[in-house]
Every structure is written in structure tokens, then in C-alpha cells.
């Protein structure tokens with residue numbers, strides 16, 4: 001396994017995850033993948049070889065083993081881990097594809113679409129939420145499959161088999177049933193923990209989205225009220241300006257009406273009339 005590639009991949013997924021997503025990813029790769037790689041093969045490696053039945057009838061051993069273990073736990077968990085971890089890569093693929101198209105359209109020095117990884121908007125938000133829903137469904141399906149196929153999570157020391165070609169009801173014994181029970185319960189509990197974390201993350205994202213919508217709606221209503229108040233102030237000021245002009249016009253008309261009809265004589269004419277009177 002190329003651990004450098006895995007580290008880069010996980011860092012890319014963590015980059016666009018919330019706090020719940022980072023905890024989920026830590027649980028998956030520390031408590032599920034590492035336990036699966038280190039211990040699962042050793043615990044179930046002798047599963048068929050050490051499955052013993054108290055009969056020498058040819059084929060009875062294989063038929064009883066197939067009846068009680070139709071699918072290996074190891075293969076089921078491998079499929080579960082593949083289906084659970086792959087959707088997380090869709091977020092990185094979505095961001096990479098959109099950024100590439102944006103650079104092709106506006107050039108290499110254009111503004112990045114997802115410069116702030118903590119903010120998920122538009123298609124990225126929907127992609128992230130859908131991956132969470134898919135992971136919840138996958139974990140729930142596999143937890144149910146393990147319970148349904150093996151009729152619970154318990155491994156009894158003695159099982160009774162009466163499948164043909166067994167001549168009668170025979171006793172069969174599972175190798176290391178207690179160890180298998182412990183690891184099975186551990187994997188089931190970690191799967192349930194991952195389901196809860198994904199549910200909490202969906203609730204957090206939806207709540208955050210609703211809160212942002214309410215805040216933006218409140219801000220838009222506040223801006224609308226401010227614009228309406230500004231428009232009323234402007235109309236009021238325009239109305240007061242018109243009234244002032246009307247008062248000034250009426251004053252001018254009154255002044256014109258009170259003015260004398262005959263104008264006053266000129267200064268030169270008044271001087272000449274005074275000289276004639278003196279003579």
C-alpha cells in the first residue's frame with residue numbers, strides 16, 4: 001500500500017470535512033481499517049480449517065460450514081469499508097472538477113471557487129450531504145446483513161447441523177468463538193458510532209444552512225425597510241422644496257401688486273423742475 005498516496009488522499013478529504021467528518025474519518029481508518037488489516041485475517045484465517053463436525057460423512061463438513069457461514073465476515077467487512085470510504089472521495093472529485101473547469105474558462109490566475117474549505121455552497125453542499133446519506137445507508141445495510149446472515153452477533157461453541165448429506169443431526173464446533181464474537185461486536189459498535197456521527201453531521205449542516213437562510217432573509221427585509229425609509233425621506237424633502245418655491249412665488253406676486261402703477265420720476269427730471277420753481 002502506498003501510504004504517501006493514502007495520506008494525501010485523506011488530507012484532501014479532511015480539508016472539506018466538518019469536525020464530525022474528521023472524527024468519522026479517524027474512527028474508520030484507525031478503528032476499522034487498521035483492525036481489519038491487522039487482526040481480521042488472523043482471527044478468521046482458520047475459520048474453515050478448524051470447523052470440526054463429529055462425523056466422517058463426506059460432504060457433511062462442507063455443507064454445515066456453508067450453512068452457518070454463507071459469506072465470510074472478512075469479505076463482508078472488506079466490501080463495507082470499500083462502499084463506505086469511496087463516497088468521501090466524491091467531495092474531492094467535485095472540487096477538483098469545478099476548479100479545473102473554472103481555470104479553463106477564466107485562466108490560471110482566476111479566483112478559486114472553493115477558497116474557503118469550511119464553506120460549502122451550491123453543488124458542493126448537496127454532494128457532501130448525499131455522501132453522508134449514502135454512508136449511513138451502507139453501514140446500516142451491512143450491520144443488518146451480518147445480523148441476518150449469522151442470526152445475531154453471537155458465536156456459540158456448539159452448533160447442530162442436519163443438512164443433507166449428513167446422516168443425522170451432527171454437532172459442529174467453531175474455532176475460537178469468543179475471539180470472533182469480540183471482534184464482531186467491535187466492528188458492529190464502530191459501525192454504529194460512524195452512523196451516529198454521520199447523522200449528527202447532517203443535522204449540523206442542515207441547521208447551519210437554515211440559520212444562514214434565516215439570517216439572509218432578515219438582512220434582506222432590513223435592507224428593504226431601510227430603502228423604503230430613505231425613499232420616504234427623499235420624497236418628504238422634495239415635497240418641502242416645492243412648498244418653499246410656492247411661498248416665494250406668492251410673495252413675489254404680492255410685491256408686484258402693491259407696487260405703484262406710475263413709476264417715480266427720474267433724478268434728472270426732478271432737479272430740472274426744482275430749478276424752474278426757484279426762478
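Heads up, the Cβ atoms here are built off N, Cα and C, so glycines get one too.
Remember, TrEMBL labels are computer predictions, not curated facts.
According to TrEMBL, the features are:
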- 42-75: domain 'Connexin N-terminal' (DOMAIN)
- 138-205: domain 'Connexin cysteine-rich' (DOMAIN)
- 21-40: transmembrane segment (TRANSMEM)
- 76-95: transmembrane segment (TRANSMEM)
- 125-147: transmembrane segment (TRANSMEM)
- 182-206: transmembrane segment (TRANSMEM)
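Sequence-remote contacts of a segment are chain residues at least 6 beyond its ends whose Cβ falls under 8 Å from one of its Cβ atoms, and for the transmembrane segment (182-206) they are 18, 20-21, 23-24, 27-28, 31-32, 35-36, 39-40, 43, 73, 77, 80, 84, 120, 125, 128-129, 132-133, 135-136, 139-140, 142-143, 146, 153, 155. Look at the domain 'Connexin cysteine-rich' (138-205): DSSP puts its residues at 41 helix, 8 strand, 19 coil.
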